[in-house]
Amino acid sequence: MSEAAITESKVLDALRSVMDPDLRRDIVSLNFIRNMKIEGGTVSFDVNLTTPACPVKDRLREQSRQAVLDRVPGVKDVRVNMTAEVRRPPAPETGRIRGVKNIIAVGSGKGGVGKSTVAANIAASLARSGAKVGLLDADIYGPSIPIMMRSKDEPEIKDQVIQPVNAHGVKLMSMGYLSGEMPLIWRGPMAHKALQQSLLGVNWGELDYLVVDLPPGTGDVHLTLVQTVPVTGAVIVSTPQDVGLQISMKTLRMFQQTKVPLLGIIENMSYYVCPHCGGRDEIFGHGGAALAAESLGVPFLGEIPLDPAIRKHSDAGMPVVLAEPESASARALAELTGKLAQQVSIQAFRSVPLTIVEE
Amino acid sequence: MLTAPEERATPAEIRKKSGESITIRWVDGHTSTFAARYLRGRCPCAQCVSETSGERLVSEEHIRPDIALEAARTVGNYALHFSFSDGHTTGIYSFDYLRRICPCEECA
Ligand SMILES: Nc1ncnc2c1ncn2[C@@H]1O[C@H](COP(=O)(O)OP(=O)(O)OP(=O)(O)O)[C@@H](O)[C@H]1O
Ligand code: SF4
Ligand SMILES: [Mg+2]
Ligand SMILES: [Zn+2]
Ligand SMILES: [Zn+2]
């Protein structure tokens, strides 16, 4: 029996049956399929995802392979190559940091909930997945990222532009570098200028994600951030002890008022894993953040255990996702980072372009 | 849902008619057109509204009728910033605020 030739359009039609679960569209209309080659009965192509941290990468690969095998007669072999390209949301050009596609703000209602630890691990985890990542420590009251990322280097200034420090594959900048001899309490206008300089006066180069570790609570730094650059979205870190998440609510509302989309809520120090028996102990009755997220209609990104190893590796200057990637805590952090990257992709596709048309 | 109340105050399209006015079509389909003088007289900055009492210090009747809207730009995702021909440039008008002060008959 003679078989009709395999054509590109037949393969594309078959691939239209594969849906991206986040964007709820098929992978062909999303323009994910690239570099298709048909040689005899062998079909090969790239599936260009929206982030290398995509949590459903393997599923999409398998579905694409099956779709072509099942639906296109004559195909003997399908080679799917998974690639990724982080898309930038169609935000206004003004105030943009050239080359930076997405800005993720990490906030919390109160101090000490592990915000910086989570920010450092998210940045390291995104970089580990292959993305280009920057990390800005915008906590003027207690910059701690340089210690967590073991960078003794200070950034250099070339032609009035700050060159960020490279730490574990992440480009790092801390407001602490600018404070020098400054007293710990910054006056408003000074903090404002320092943050602007840390955003716009730094040679970030090409970045898929710039993670910004904010000071706890709400204040001038938050306002300066959202007024200076288009923020893709914000993540809130809380702990089970946050009384009904009440303090985080203020932070949530601040982002909401400035139209910064909420990418999700993370519960840190959620439960305790016994280092001896591996047993799980719900010290504070965890799960409050998940419930709050649900009632607010905000994605819940995950729980991170209270694990002495997280602290140990932070103190030693290497985030746990790099130091012990196979540990349960590192896996929890990597999984939550994948969910976060998903939410960023959704925002990038959802947001309306904000430009002013001159008539 | 947390985002519900302000959802309406999300612009779908922003148009500026040189000097005269700015028109915002919102995601719910509503359209607001703001004349230069109307906007200038409702500037929310600290020079135009007393920070302590909330009292409006500069309102529409203080503004010359031929005032022009010279430039408009977006501020982050959430607001517009205007420059007026009287040299006033300190107001940041959030989309929530703009939606609240829509001058159309339906909203007024
Ligand atoms: N899941 C965890 N398990 C164990 N220790 C943790 C965990 N998360 C954070 N820590 C430790 O808790 C302390 C506070 O964390 P971190 O500095 O990240 O908090 P923060 O919210 O950024 O605080 P600040 O408000 O001071 O900026 C650190 O010593 C950190 O190593
Ligand atoms: S992260 Fe989500 S949007 Fe991106 S490719 Fe994966 S499933 Fe699609
Ligand atoms: Mg911190
Ligand atoms: Zn004013
Ligand atoms: Zn109206």
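Here the Cβ of each residue, glycine as well, is placed from N, Cα and C on the backbone.
As recorded in TrEMBL, the features of this protein are as follows:
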- A:9-81: domain 'MIP18 family-like' (DOMAIN)
- A:Gly109, A:Lys110, A:Gly111, A:Gly112, A:Val113, A:Gly114, A:Lys115, A:Ser116: ATP binding site (BINDING)
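Overlay of TrEMBL feature records on the structure.
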residue  : record           : Cβ neighbours (10 Å)
A:Gly109 : ATP binding site : 23
A:Lys110 : ATP binding site : 18
A:Gly111 : ATP binding site : 13
A:Gly112 : ATP binding site : 11
A:Val113 : ATP binding site : 23
A:Gly114 : ATP binding site : 21
A:Lys115 : ATP binding site : 26
A:Ser116 : ATP binding site : 27
Checking the binding-site residues A:Lys110, A:Val113, A:Gly114, A:Lys115 against ligand 5, those whose Cβ falls under 6 Å of one of its atoms come out as none
Other residues, Cβ within 8 Å of A:Gly109, A:Lys110, A:Gly111, A:Gly112, A:Val113, A:Gly114, A:Lys115, A:Ser116 Cβ centroid (ATP site): A:Ser108, A:Pro216, A:Val237, A:Thr239
Secondary structure content of the domain 'MIP18 family-like' (A:9-81), with strand meaning DSSP E or B: 22 helix, 24 strand, 27 coil
On the 0 to 100 pLDDT scale, where does the domain 'MIP18 family-like' (A:9-81) sit on average? 93
Which three-state DSSP class does A:Gly109 (ATP binding site) fall into? coil
